[in-house]
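Take a look at the structure set out below.
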Amino acid sequence: MGHLQLWLPVLAGLAGIMAQEDLYRKVFVFRKDPSDAYVVLRARLEQPLHNFTVCLRSYTDLSRPHSLFSYATKAHDNEILLFKPKPEEYRFYVGDKFVTFRVPDSRRDWEHVCASWESATGIAEFWLNGKPWPRKGLQRGYTVGATAAILLGQEQDSFGGGFDLYNSFSGELTDVYLWDTGLSPEKMRAAFLSLRLPPALLAWSSLSYEVKGDVVVKPRLREALVV
């Protein structure tokens, strides 16, 4: 069993094999720019989402637009999307509508982002490296569909496909989580600090995923956490 666990990351990076494992201190390396590669994430979504939080950590020197987290349904290709059109800006989509958060350019370092949304108020929160940005309004009363294709590294323009290579991600991704609730400020900071977190629909500590194309699972070369 130990040998199987040792080889799973290598095989997943080469052959698109479905894997489920604890990826602590590991990263997805998207090696090409631009790229047709992506990672499919499997989550057990039993009902539509009225609230959610998505978090991840990225490291890239891209200056062009790129997608980080894409959650599409057959009704809406940008049902949930974390997209970075330029180094100083993030766009957070819910149901094809988006709000913009302007940030400092930090292409030479890791960025940890969390975005949360609640249907009842339409409040969208955005946290960068453990600090909140001013909250904004987005899609009050909306419901996020449960039958979804969830991808890292590409933006979906159709359900599970329709990629624009020049919106692809190149670099390293880690610490990906999706919850069906809005996290408290304390848990947002805990996510940034890689501390104990509540059970999630998608959890880096037990991620079910499939690699498509040139993506390799590797240990972190440098510490992603900057306090």
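Glycine residues also receive a Cβ, built from the backbone N, Cα and C atoms like all the rest.
Listed features, source TrEMBL:
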{"type": "SIGNAL", "residues": "1-19", "note": "signal peptide"}
{"type": "DOMAIN", "residues": "24-223", "note": "domain 'Pentraxin (PTX)'"}
{"type": "DISULFID", "residues": "CYS55-CYS114", "note": "disulfide bond"}
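The average pLDDT computed over the domain 'Pentraxin (PTX)' (24-223) stands at 96. If you take the C-beta of CYS55 (disulfide bond) and look for same-chain residues 6 or more apart in sequence within under 8 angstroms, you find HIS112, VAL113, CYS114, ALA115, ASP175, VAL176, TYR177, LEU183, MET188, ALA191.
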